[in-house]
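Trainee: Pasting a structure below so you can have a look.
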C-alpha cells in the first residue's frame, strides 16, 4: 500500500512539474527556482545586440514570454522577444538593431576614453555605451505574490560603429488615411541633410558636430496623390531616443519657435522642411560629447484644408474653425525620429596634433619664478654692456703716442 501511495505521489509531482513548464525544454531539478543574473546572455554584435534569457525560471516565477519587454515597453509588440525551444534550456531571444536604437527606448551615452584609434596610435577615442533592461509589468493590484523580474544589459562600441559617416538612423511611421476612394497607407520618414539643397544626407564626423552647426531636416511622405500634403504639428529634441522622455526641448510648437530654428515649408507640399542649430544638453556637462534625437509629430492633411490647420497666431477665431474641420480633413498623428546627432564641446580634440597636446604635460611658472628669470636676464644684459664698455676704455689707454712728421724749423733752435 505504501508503494502504491509513493508511485501516485511521484506521478502527481511529475504531472505538476510538466504542467508548470508547459512542455518547454526545462529540467525541474535545475530550473525550479527564481531567475538570477546568470540567466541572461548578452552578445554585442557589429550590427545587432542579441539577448538570450533562460525562459525556465521565468515560467517557474509565474510569467510567460509576453510578460517580458524591453525598457518597460509592454504595449509594443516590437519590443518583445520570441521563444526558441530548439535549445536546452528554452530561451527568449531579443534582437536590437544598432541602426534603430531608439525604437524601444534604449539609452545611448557617448564618453571619451584613452585607447588606440583607427591608425593604431594611442589617443582619445569616443565610446558609445548602449544600455537598457528587460522587465515584467507591474500588477494592477496593490500587492503581488509574484516577484518582479529585471534583467539589465549594456554594450560598448567605438563611435564609428554607431554613427556612420555617411548616414544616420531614422525611423519611419505608417499612417492610415481614409478618403472618398477608400483607405490607403502612407509612410512618413524624417531625414537630416548637410545643407539647404536637401541632397546630401547629414555626415557626422567621429569627433561629433561643433555646437551651432546648422542641420537641415525634412519630413517626407510616400504613396500620396496631389490631394494630400505633409503637416508638421511640432518638432522637439530629447537626449535619448525615447520620444516620451521628460527631458525635451521644443524646436517649434504652435506659435512658439526656437530663435535658431527656421521653418521653410510646412503644409504646402508632400514634404516639410526646417533647419536648426545643434546644441548640447546641460545634463551632459561632464561628457565631451552630447547626443540629440530629433522627433516630429506629423500628420497628413488635404491640400485645400492645410492652411486652416496651420496655427494662426493672434487670431483665435480662425483656429477654432480649423479645429472643427480637422477630423474630416486630416489623418491621425505619427511620431517619427532621427538620430542620434552627436555634438562635441569646444575643447574636444579634432586631430592628432591636438590629441598630442592634450596628452603632453603642461608646464606653468608661478610669479616668483618668472620674476627671478626676468631679473637674471636683465642682469646678464647689463653685465654684457659693462664688459663691452670696459674693453673699449682699455683699448683707448693702450693706444701708441702720435709721431709728428715734417721739416725742422731752425727758428726754434
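Using the three backbone atoms N, Cα and C, a Cβ is placed for every residue, glycine included.
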Trainee: Among the residue ranges 350-370, 371-391, I'd like the one that Swiss-Prot describes as transmembrane segment.
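Mentor: From Swiss-Prot, the annotated transmembrane segment range turns out to be 371-391.
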Trainee: Within 10 Å of each Cβ, count the other Cβ atoms, then let me know which of the disulfide-bonded residues 44, 79, 104, 155, 235 comes out lowest.
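Mentor: Fewest other Cβ atoms within 10 Å, among the disulfide-bonded residues 44, 79, 104, 155, 235, is found for 44.
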Trainee: Name the one residue among 44, 85, 129, 296 whose Cα is closest in three-dimensional space to that of residue 194 (N-linked glycosylation site); these are the recorded positions.
Mentor: 296
Trainee: To the nearest whole angstrom, state the Cα distance for the pair residue 313 (disulfide bond) and residue 235 (disulfide bond).
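Mentor: The Cα atom of residue 313 (disulfide bond) is 18 Å away from the Cα atom of residue 235 (disulfide bond).
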Trainee: Per DSSP, to which secondary structure element type does residue 194 (N-linked glycosylation site) belong, with helix, strand and coil as the options?
Mentor: coil
Trainee: Fill in the CA-CA distance, residue 85 (N-linked glycosylation site) to residue 155 (disulfide bond), as an integer in Å.
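Mentor: With distance taken Cα to Cα, residue 155 (disulfide bond) is 26 Å from residue 85 (N-linked glycosylation site).
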